[in-house]
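Chemist: So TrEMBL says this about it:
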type     : residues  : note
COMPBIAS : 24-39     : compositional bias 'Pro residues'
COMPBIAS : 94-106    : compositional bias 'Basic and acidic residues'
COMPBIAS : 107-121   : compositional bias 'Low complexity'
DOMAIN   : 289-620   : domain 'Arm-like repeat'
DOMAIN   : 732-890   : domain 'NACHT'
REGION   : 1-43      : region 'Disordered'
REGION   : 88-121    : region 'Disordered'
REPEAT   : 1258-1299 : repeat 'WD'
REPEAT   : 1299-1340 : repeat 'WD'
REPEAT   : 1341-1382 : repeat 'WD'
REPEAT   : 1425-1466 : repeat 'WD'
REPEAT   : 1467-1502 : repeat 'WD'
REPEAT   : 1594-1635 : repeat 'WD'
REPEAT   : 1636-1670 : repeat 'WD'
Amino acid sequence: MYSAKSFFKSTQAATMSSSSPQGNSPPPPPAPPSAPPAHPEITVDGKRVLSQLENTATLGYVSSKSSDIPTITQGLATIQLGPANMFNPLGHHTTRDATADVDHGPGDASDARSVSSGRSSKFGFRNRLSRLFKEDPKVKETVPTSIASSAPITLVRTEGRLQSAAPDHDAVPVLSIQHSPADTVETSSTKFAVTGTQPQPTPAADGSIRMDIFPENVAKPTYKTNLPKPLARVDKTPQLVYCCSLLSKAQEPLQPTSDSDVSLDSPLDDKEKEWVQLIDPVLQDRYRWLVEQLVRAFADNPLKASDVVTEIVLVGPVLDRETYRSLLSCFISKFEQTTALDVTLLQGLVQMVECASSGYLVDDDLVRISTVLSKELSITHIGTSDHPLHLTLSLARVLDVMVTGEVKDLNRERDHQPMLQLLDGLKNSDNVIQRYEATYAYQALQYAPDDETPLQVLWRYAKVAAAGAGAVSSVFKLDPEGLLNGIESLQEIGAGIAGAVSTGIEVVEALRVGADGAIRASENKFDFMKKRSWYLALQGTALFIHQGRLSDFNLVVSQASCRNNANFQWGVCRQVGEIAVDPLWDVPVRQQAVDFLGKLFRGGADWKPHVDVKRWILTILVQISGMSDVSVKDHAVALLLDLKKDDIVEYPGCYPLSRRLPLPTSSPLLAKVQEIPKLEYDLHVLRLMRIADYKQAVYIDPMAKLNLQDTDDNLFPLMDKVRDFIASGSQVMLVLGDSGAGKSTFNRHLEHELWQEYNAGGRIPLFVNLPSLERPEKDLVGEQLRTYNFLEDQIRELKLHRQFTLICDGYDESQLISNLHTTNLFNQYGQWDVKLLITCRTQYLGLDYRSRFEPKAVDQYASVANDLFQQAVITPFIREQIEDYVEHYVPLEPRTWVKEDYMDKLEVIPNLMDLVRNPFLLTLSLEALPTVVQGKIDLSRLRVTRAELYDTFVRHWMGVNKRRLQDQHLSESSQIALDILCADGFERHGILYQMDLAASIFQEQDGKPVVDYSHMRDRKTWKAQFFGLDPETALLRDSSLLSRAGNQYRFVHRSVLEYFFSCTISRPTKEHDEFDPPVHSDTPATSTAISTHPLSQKDLVIETSIIQFLAERVQLDSGFKDELLAIIELSKTDEQAARAAANAITILVKAGVRFNGADLQGIRVPGADMSGGQFDSAQLQEADLTDVNLTKSWIRQADFTKAQMERVRFGEMPYLKVDEWVFSYTYSPDGTSFAVGHSKGVGINIYDTSTWATTHTFEGHQGWVNSLAYSPTSHQLLSGSGDKTVRLWDCESGSCVFVLEHTGEVLTVAFSPSGKQVASAGADETVRLWDVQTGANLFNLTDNTKWIRSISYSPDGHAVVSVDDDGMFRFFDTQTGQPGEVWESQSGEMWSVAFSPDGLEIAVGHKNGELQLYSTAAGKPTRNWKAHGEEVTDVRFSPNSRWVATCSTDRSAKVWNAATGSILSVFTGHSDSVCRVAFSPNGLQLASCSDDMTIRLWDISSLGTGVDVEGGSDPLTSVLFSPDGRVLFCGTESGAVRQFDAGSGESGPFVVYGDKPVECLAVSPDGLRIASVGTDDEFVTVWNIGTGQADVVLYGHTREVIAMAFSADGRWIATGSNDKTVRLWDARSGILDRVLDGHTGRVVCLVFSPNSHEILSGDRDGTIRAWDLDGYECRVVVDVYDDVGLWAISTSPNGLRVASITKQIVVIADVDPRGRDNCHHQQSLERDPDSVQSFAFSSCGQWVGVGYRRSVRLWNFVIDTSAEGGGEGGEWKCLVRIRDIIGDVNSVAWKPDTLEFSIGCANGSLQVWKLVEASSSSDAWSAQLVWSAGNLVLTALDVVFADAVGLSSANHQLLIQRCEGAAA
C-alpha cells in the first residue's frame, strides 16, 4: 500500500489534458465570454499536472470563480466517504449519481449570499454516498475501479451540480491505491466493516492508543419516541419533531434536512413506514401547522424561559425556510436585547445556527451573530463567571459554521481583525479551559474566509507543487487513511515548497497564481501563516462522530500526525466526552467513550498527552460521574478512581460538554398551541373518525315516493332526491318512513358518502342523533360540534364562515314538536348556513305536522316558504331489493344456507314476504329464519309475526354473545361472573337485563332512548344498575343490543327498545321453559297487583309500536288476551286499574279482538284508543269513556246509558239532512254562516253554524243553484244558477242587489279578494267580470272554447284562472281583461280548480280522478296522483294552504297533505256522489255535500288517528266461502283475490294477482283450488291456493265468461258466458268435455246438483235449464217470460228454489225440477227504495240475503202449518234489516250449513254476520256482527245513549242522526 507521501515522492511527472469530457455525462458548460483566460498549462517533466480534482467523489465540486480558481465546497457535513470509495478491489465498480448534487458554490451568482454549509453541501454528498453504499439503482454512472485508478473520474460543475467527465486516459493519476481482487468491502448505512488494504484496529502492544476501543461503526445517534396514532393528539414536542422528520424523509428519500436530523441517514424501519402510510396530506398539514404555531408562540412569549427555548430549538431541523428564518431572527433579536447573558438562550441560538438547512442562512446572519457574540465576550469579565467560556464555545461553533459555509461578508477591518485580537487575548487567559477553547475559536476564525476558503488557497498552491493535487485530493476523499495522509502531506507542502521551517504549515505564505503562471506572494489577503492543521483534523473527526463512524474516528485519533498536539488532544477529549454525556448514543457506546478517555489519559509511545489534557480528561470524567445514568456513571466513577492515583487533579468547576440542549421535560409551547383552533384539521379528524365509524355490512339504496298514494311506477331513488335537494335552493327536507324502514341506515350512509366526497372548505356533513342532544331546538349545530370536542372559537368560526348539511336522525325519538329550522334561526344573517335533512317515523306525526318543518320566509310577516321545503316517503322494499339484500347478506359469514334457500322460505311462508319489505325486519328475519323453520314441514301454513322475529333474533344474539364470552380470556372476576350467569341461564339474564333497562328508560326518561352515564356522577342513580362496574352488569351490557358513543348508551334501534318494553308486559310464549313465566301468570289482574302492573305505569296509546308488539302477542298467546280482558273486567270495580284497562283495550282493539255483544258495563278506560273497534251490541252502561277515541268504530246497537263520555271523539260532526238535492254550499269568511244552494224552487238556505238552524232563505233563482261565494266581509253572497243568471244578495236583509245575466247556464262564481269585483262563468264559454258597486259588466273573457267548469281568483286578486272541458288553463288579468298564460292539462278534462291561499300553487281536479298541483311560479305541475276512482268534482285548499280536500262521484271525500300528496283521511258515509267540499274558516271542519241530500261535517282534528286511513280501499266485487266454511275469499276491483279466516277475520295472503276486476269466483270442493274470471275475460284461470300458481287456463268461450261452478265431486268445472253457451271442462286437466247450447241469452248463473249429475243454468232471457250430464238431455225448468237481471238457485235438501230480479223486484219460487211451469209458492218480495245489487240463498234454502245500496235485508221462508190440505204452506218474511252500510253491497255469500253470511261492499269493506234468534217467536231474529274488515266508517245505528254523562251537544246530535240510520 502506498501512502500519499510515498506516492508523492515516487511520482515523476503529471500532465494536463485539454480533452473534452466523454461518456454519458454532459460536458461542463463553456466559460462565459467575459470570463478571464483559462489557466495556462503547467507541466512537470513534460507531463501535465491535472488541472481539476480527481477521485473526489464525496467532498465537493469544482467551480470557476472570476479568477478561474476552482472552488471546492468543504465543510463538516460535506466530507462523506466510506472506505469503499477508496479501497474498491480491482474489477469492482465505483458507482456515483453525480446529478444528485444540488450544491451552490461560492461563485454562483444565483445565490451569492447563501451559505452552503447547510443542506446543499450536506445533501448532495450524503445522497450520493448513501446511494453508493446501498447500490441505489438511481446511480447512473459506473466506472470500473481498475479504470478509475488509471483514468480518474473528473468532477466538473455544470449548472450548480456535479457532473462526471469522461476518464482522461492520458492523465497521470495523482493518487492510486491498489487492491488485490480478494479485497472486500462491506458497507451499510449503520455499520461499516473495513477490510482489504485499510489499516485494521488492533490492540496496541507498544502502549499506543488502541484501535479497537470503538470496535465498529454504528448508527448515528437517533432520538425516537413512540409514534402517535394518526388521529391522536401529539402532546410532546420531541414526538412532533420525530413525526415531521419521518414525513420529510419519506417524501424525499435519502435527502437529509440538516445535521440535527437524528435519523434521516438511515432508512425507515417497518414500523415507521407503516406509520407514514397512515398519515394523509391533511394530517401532514396538521403537523406542519403545529410546528409553525410553535414558532409563533415562541415569538409571542416575552420571557423566553429556558423550558421554551429548550423546546423550540428541537423544531429547527424540520422548519421551512421562511419559518426558520423567522425563528432565527427572533433568537438573534432576543439575544441582542438581553442585558444579562442567558446561557440557555445562547446555546439555543447556536444550536439553531448549526441545524440550518441549505439556503436557510445568509452571510448577514452569521456575521451578525458572530459580531454580537464577540461584542458580548469583549464586555464580559473573564474571572467573574463561566459566561466567557460559554461565549467562547458558542463563538467557536458559529465560526465552524462560517468556515464550512464560506462566509464572504466578514469585513476584515470591522469584524475579522477585532475578533482575532479578542481571541488572541483570550488565548493567554489564566483559565486553562478558557485558553484552549479560545485557541480553537481563534483557529476557526482563521479559517473563516473573507474572500476564499483555505482549500482554494491550497489548490492554487497545489497546481504549482508537483504533489499538491494528490495531497489535497486525499483530503477531499475523506476516509481515515485519506485524512491521515492528507494532514501529513499538507505539512510537507508547507515545509518543503515555500522555504518552510520546522513548524511546517505555519510558514506557508498565501500564494496566488498569476496569469503568466508565476508564483507571487499575496499581500494582506489571506494570512495563512497562522492556520493550524489540527483544526482541520478535528473537523474531520467531528464529522466521523456525527456520522456514527466511531471505528474510523478511533483510527484517525490513533494515527493522526498531529496527535501529540495539545490542541488536537484537547479537542478529541471534548469530542469523546460529548459522546459519553449524550443520551442519544447507546449505553455501550457511551461506556466505550469513557474507556477511550481512560486510554487517552494513559497515553503511550504514539500518544503523549499533555498535563493540561490529562486534567481536562479528569474534569470530563468528574462531570460524567455526576450524571443520572447509572450504567455510564458507574463506569466513569471506576475509571476516575483508577486514574486519580497519580497526582494530577481535575480543573475546578463545571464546564459544558453537550453540544445540544437537553431534551425538554415538558412542552409548554405545544400545550398552548394545541389550544389554538385548527378548523380544517379538526374537520379532517372528524371526517376520518366518521368514515371509520361507518360500519354497514349490507346497504341497499331505499326507494321513495312523494306521497303515500303514488303507485310503484312513480318510485325514485331516495339518494337521488336528497342529492337534488342538497344542490337546490331548498333548505329543509323531511324524510318519512315507518319504524325500521331504514331511515337511520340511509342517514349514516348519506353522511358516509358526503364525508368521502368532502373537500377542504366545502359543505360539512354533520350527522345528528337528535335524542342524544339536550336542547336541539336551541343550539343544534353547536351542541353536536361540542360532542366532537370542537372549541367555542372554532364553533363561532364555523357558524360565520362555513356551510353544513345537517342530517338529523330520530325527530320522533327525541319527542320534539318544535320547528328546528325556525328555533335555531337557520339560514338567517349571522346564523348557521345549513341544508336541514330530518327523518321521522310516519306514525309520530299528527295531522298538522308540516308547520314543524317548513322554513319561514325572511320577511316581516315570517310567512311560510313552501319553495324551501321538500319531502319524501321511504317505501318498503320491493322484491328486487330484498333479493339484492339477501345476495349481499349470505357471504358475510359462513352459512349453511345459500341465497336461494332464504328466498324460498321468504316466499313460501305466508305473509313473510310482505313483512320483510321492512328492511329492519328483513335483517331480523334472515337471522331468525333457520331457527324458525327448523323441524317444520309445511311452511305454507307457518305464520310469522314481527314479535316472533324479534323473539328469535334476540335469542340468537344472546346465544352468539355467550359463546363469544366463553371463548375469550377474561379476568378472574369476569370469568366467575360469566360462570354464574351461564349456570343460571345466560340468555335469560341477558333478556331480563334488557327488559329492565327498557322499563327504566320509559319510567325514568319517559322513553327518551339515549342514556348518558358517568360513573362518578351517576353511580348512585338508577343508571348504575345497568352501566356500573359490576362484572355481571358489564358482561350483560356488552352482550346486549346496545350501542355506545362515549358515555351515551342506546338500543341499536328504537324498535328494539320498544320490543323489550313490550316484553315487560308480555314475554315470548314459546320460551316459558327457558325464561321466566309470562307476565300474565305472575301478575294476575287483582286489586293488590294492578298498581304495579307494567300496563299501569305509562299511557301507551301514543306508543304505536309497543301497541303493535303487544297486539301480536295477543294473537299468539291466548293467555295474554285473557289477562287483558281480566284487567278490563277489574276496572269495573277498581279505579286503580283504569290506566291499565285503557291500555289493555287499546291493545285488544289493535289486535283485532272484537267486542260484539260484550258485557263492558262499568269499565274504566279513559283515554283509550278504540278507533276502528267493533262493539256491535256491546253493553257499555256506566263505563268511563272520557277522552276515548271512537273514530270509525262500529258501535251499532251499543248501549252507552249513563256512560262518562266527556271529550269522546267520533271523528264526525252532525250532518245536515235536506229535502232537496244540494248543488252548492260555502262557509262565510267569518265562520258564522253556511249557505246551501238547492234545486229550482227551493233557493238558498242560510244556516247558523253554532246551531245549524236555518236563519234565511234567499229565493229568486229559477234553476239549480250551481255555485255560491261569500264576499270577504261576509256581508254579501254571490250565486250562479242554471237559469243563466248571477245574483248578488245582501246577507242582512236577504234582498237581491243585482241580477247579472249570461247567455248560458252559470256553473261557477267567485268573489275577488278585495270584494270589489266578482267573476262568473259557465256554459256560454265566457268568463265575465262584474263591478260589485254598480253591477256593471267590466270584461267578457271569451278565449274559452267549451263549458267552463270552475274559476278561481289569485290571492292578490290580479288574476283569475278558469278550466274547461278542453283541458286548458286560462289566466286573465282582472284589471285589464287581457288574456294571460295558457297551460295545457296533463290529464285531460278538468272539473275544478283552486288557488292556494298563499298563492304558490293551483290544485286541479280531473275527470279521470287525478289531482294535480301546479307551481304558480314555474307554471309546471309539481305533484299529481290518483285521488279517486272516478271524476274529481271539487277541490279546495285549507286556509293554511297545507291540505287539499277533494270529492268525487265515488261517494267519498278525502283530505291530502298538499306538500307530499299523502292522504290524511278518507270520509265515507255518503250514499251518492259527493259534489262539493269546503273547509271551515278556522280549518277545523270539512263539509261535504252529496246527491244523497245530506251535508256531512267532518272533524278535521281527528284526521288519520288510530286507524289505517288507507285500509280496504279496494272495492270488493264478489265474496265466496270455501266448502268447509273455514275460509272466505274476496274478489276485488284491482284483480286480487284475498282470503280471510272465516271465523276470526284474520287476513291471509293474496291468492291471485289479476289485472282486471274479478267477475266471479268458484272454489273446488276440497278447498285447494280456486277459479277466477276477470271482467271481459273470455277464459277462466284455475289457481292452486297453496302455491298461488295457475294450474290450468280454460280457453274456448267466444265472449266474456260471467258464471262458473265446480261440481260437488270435484270432477267438473262449468262455465257460462255472454256467448250463450255453457261449457263443461275436466277440472284436473282443463280439457273441454262438451259445449251445452240452447240458451237464447247470456248465461249468468250456474249450479251443479248435489250429486253432480246435472247442471242448472240461468240466462238473461228468463229461463233456467237443467242439463243431464249422463243422458245429455236438456230441459227448461223455469221460464219467466221476461228479462232477468240476476238469478239465484238453491239446490238444498228442501228442494229447488230460484230467485230472480226483474225490474228491481225479487221473485222467489219453489220449482219442480222435472219441467217447465212447475213453480209454486211464488212470491214477490217487498220492493226497497234502493236498487238490488246482489242476493243469495243460504245453504238450507230457507233464508235469502238481498244486498242494496246501503242495506241488507234477510228474508226467511216462514212455514204455515195451517195450510189447507195439510200441505206445508208459508211465505217469505223480512225478519232482519241491516242499515247504515256504506256503499253498494256488491255480493252476498252464506257460510255452508250455518246462518252466518258475508257481504262485500263497493267501498272495500267486508263483513261477516250471524243471525240470532232472540226468542221463541219465529219472527224475533236479529243480526249480530261477527267481524268486519276494510274501509272503516263510524257505524252507530240504534245506539242507546240515554243519560250519557258529558256528551257534547254536537256528539249528541250526531248519535241521534246515526240512530235513525242514513237509509231511514
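Keep in mind that glycine also has a Cβ here, set from the backbone N, Cα and C atoms.
Note: TrEMBL annotation is automatic and uncurated.
Computed from a predicted structure; not experimentally measured.
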Chemist: Per-residue pLDDT averaged over the repeat 'WD' (1636-1670) comes to what?
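Modeler: Average per-residue pLDDT within the repeat 'WD' (1636-1670): 90.
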Chemist: Going by DSSP assignments with H, G and I as helix and E and B as strand, what are the residue counts for the repeat 'WD' (1341-1382)?
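Modeler: Tallying H, G and I as helix, E and B as strand, the rest coil: 0 helix, 23 strand, 19 coil.
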Chemist: Under the DSSP assignment, what numbers of helix, strand and coil residues are found in the repeat 'WD' (1258-1299)?
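Modeler: Helix, strand, coil within the repeat 'WD' (1258-1299): 0 helix, 23 strand, 19 coil.
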Chemist: What does DSSP give as the helix, strand and coil breakdown of the repeat 'WD' (1467-1502)?
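Modeler: Tallied per class, the repeat 'WD' (1467-1502) gives 3 helix, 20 strand, 13 coil.
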Chemist: Please list the DSSP helix, strand and coil residue counts for the repeat 'WD' (1636-1670).
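Modeler: Tallied per class, the repeat 'WD' (1636-1670) gives 0 helix, 19 strand, 16 coil.
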Chemist: In the repeat 'WD' (1425-1466), how many residues does DSSP assign to helix, to strand and to coil?
Modeler: 0 helix, 24 strand, 18 coil
